[in-house]
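Engineer: Following this message is one structure expressed as structure tokens.
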Amino acid sequence: MTTPALLPLSGRRIPTLSPGASSFPHHRATLRLSEKFILLLILSAFITLCFGAFFFLPDNSKHKRFDFGLEDVENAGRTKSVILPTSILRDKIRADHERALQEAKEKLRKSKEELKAEIQTEKTKVVEDLKKKDGPKPLPPVPMPKLVGVSDGDPGDSDTKEKRDKIREMMKHAWDSYRQYGWGHNELKPIAKKGHSTNIFGNSQMGATIVDALDTLYIMGLHDEFKDGQEWIEQNLDFSVNAEVSVFEVNIRFIGGLLAAYYLSGQEVFKVKAVQLAEKLLPAFNTPTGIPWAMVNLKSGVGRNWGWASAGSSILAEFGTLHMEFVHLTYLTGNPAYYQKVMHIRKLLAKMDRPNGLYPNYLNPRTGRWGQHHTSVGGLGDSFYEYLLKAWLMSDKTDTEARKTYDDAIEAIERHLIRKSNGGLTFIGEWKNGHLERKMGHLTCFAGGMFALGADGSPDDKAGHYLQLGAEIAHTCHESYDRTVLKLGPEAFKFDSGLEAVAVRQNEKYYILRPEVIETYWYMWRFTHDPKYRQWGWEAVQAIDKYCRVSGGFSGVKDVYSSNPTYDDVQQSFFLAETLKYLYLLFSSDELLPLENWVFNTEAHPLPVLHLGNITLPGSETQR
């Protein structure tokens, strides 16, 4: 007996007999002919009945007044319907009858598969028509900001170029592995060789790695891979899903990534998708204070905060890391809501008392009061300070309010959190309930680059001081790498009990492909061109390639002090967005994404400087 072949139909698979099968072929043919004959008889009888019934209607002019799609005739300023004679109506009905009969015959001649294909085509057309009808309004045309240095960046000498090519090859390995084993998933499990996701993306498969990696692919000249990512986004990236996502993570990775891809490539689809997603985030701001919830359901718009956050609080680094992307959204859409949301947050914070001039990490969105008095330049606080500085830079240094807020915050951080260890290492501790914890996180290591970036424009001619402070933080963070077996830095490290820049707890000894130390190396290289920063970057490249590379991509490791570490089996999307991008830029010339023209969001997505001295954002006053 012949095995039925399986053919897909609208998501199902139905058994159909293969061509050589012989299950009652003659009876089936006979049955098909009689079915067609009966259908023809019924159709003919129905049409004839309608045709004949017309002549038994009473002869009243109102029954002869039909609209057959003919144009109305304008007469003396009034529109009148055309009244057709009975003979013309009879001929038209006869013609309609013949045409309907012919169409019915043609339908019955078609195979089952052809009919299904026609139905599917009609369904698709209806869906597309509905999308056009209910789709987003076209975005207003706006002048593209001045874009400089979006590609190349050849470093010149062959040794540096060879190192840069190695980093490009690592990016290709990470991308190709994701393309093969995790395509469409948010991230990749490179050991298990399958897709991976975390609760920051809800339960949805939004292709986070694709969106996060796009600009890195573009600046590295991996244009075939970029095109693959663009096609996936065009065809599959859908935000109308029932998923509860982190507002912060989706903003920095997705909106930031899509905006950067738009500015670099000029492809409109990225701008359109960024705006579609941004509209889904706006309901998160529907709180009594306007401080957004940490999470929002993309479908229902319902928001809430993380259960572990102090007394139902929102987190400083989350609600304080929206400004760059939201200003660009207002610029591109003309919708003032985005700009107004982030400026409202700034104004609310400006009115609040700050213990010792420090910003606590927790703020209750219902009451507008601080939660637990915990201040950190690492996790929970970090990018709030970064975005104050970058708001000023992105405005072409016209947003002086942002610069003043940054300067005041950094002054308080220097006074209360920055210390020097017994061994001479400068570190940034954490303020917890009135005392300093002498511990620094890997995340805090970004601050070296931030101090260097903000040196120019510092008050009281302190530019040299802050550049030196950035160098000291870079040195401390390099020591945290150099004092491990793998030459990769731990998640957190202490400065007490005779131990310096070393992790103590087992749950702080892991490395998950984080970028912050390399980010600081890159900024310090740009501002000083001291060759040690490239040397330190190359040490990191070699360690990552040796200990984190596997056949299915790159994985984090659980203990950087072990010579035989176990893998965590996650290739983070930020490894492609940040770590590899900063390494590539470290070994490129300064002409690639010059800092006078580009500002990087906290996920390393470059956004162009907006010359706001000549532009008034909708809903804002002139900022100069």
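Glycine residues also receive a Cβ, built from the backbone N, Cα and C atoms like all the rest.
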Engineer: Tell me, from Cys477, Cys548, which cysteine TrEMBL puts in a disulphide with Cys445.
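Structural biologist: Among Cys477, Cys548, the cysteine that TrEMBL links to Cys445 by a disulfide bond is Cys477.
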Engineer: For a quick check of packing: other C-beta atoms within 10 Å of the C-beta of Glu249 (active site, proton donor), how many?
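Structural biologist: Taking all protein chains shown, Glu249 (active site, proton donor) has 21 Cβ neighbours within 10 Å.
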Engineer: Measuring Cα to Cα, tell me the gap between Glu491 (active site, proton donor) and Cys477 (disulfide bond) in whole angstrom.
Structural biologist: 11
Engineer: If we check Cα distances from Glu249 (active site, proton donor), which of the recorded positions Asp382, Cys445, Cys477, Glu516, Thr602 wins as closest?
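Structural biologist: Nearest in space to Glu249 (active site, proton donor), counting only the recorded positions, is Thr602.
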Engineer: Validating a neighbour-count step here. Other CB atoms within 10 A of the CB of Glu516 (active site): how many?
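Structural biologist: There are 23 such Cβ atoms around Glu516 (active site).
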Engineer: What is the Cβ neighbour count of Thr602 (Ca(2+) binding site) at a 10 Å cut-off, with all protein chains included?
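Structural biologist: Cβ-Cβ neighbours of Thr602 (Ca(2+) binding site) within 10 Å number 24.
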Engineer: How many other Cβ atoms sit within 10 Å of the Cβ of Asp382 (active site)?
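Structural biologist: Result for Asp382 (active site): 25 other Cβ atoms within 10 Å.
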Engineer: Which chain-mates of Cys445 (disulfide bond) that are at least 6 residues away have a CB under 8 A from its CB, listed by sequence?
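Structural biologist: The answer is Ile473, Ala474, Cys477, Ser480, Gly489, Glu516, Val517, Glu519, Thr520.
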Engineer: I need the CA-to-CA distance for Asp382 (active site) versus Thr602 (Ca(2+) binding site), whole Å please.
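Structural biologist: Counting only the Cα atoms, the answer is 9 Å.
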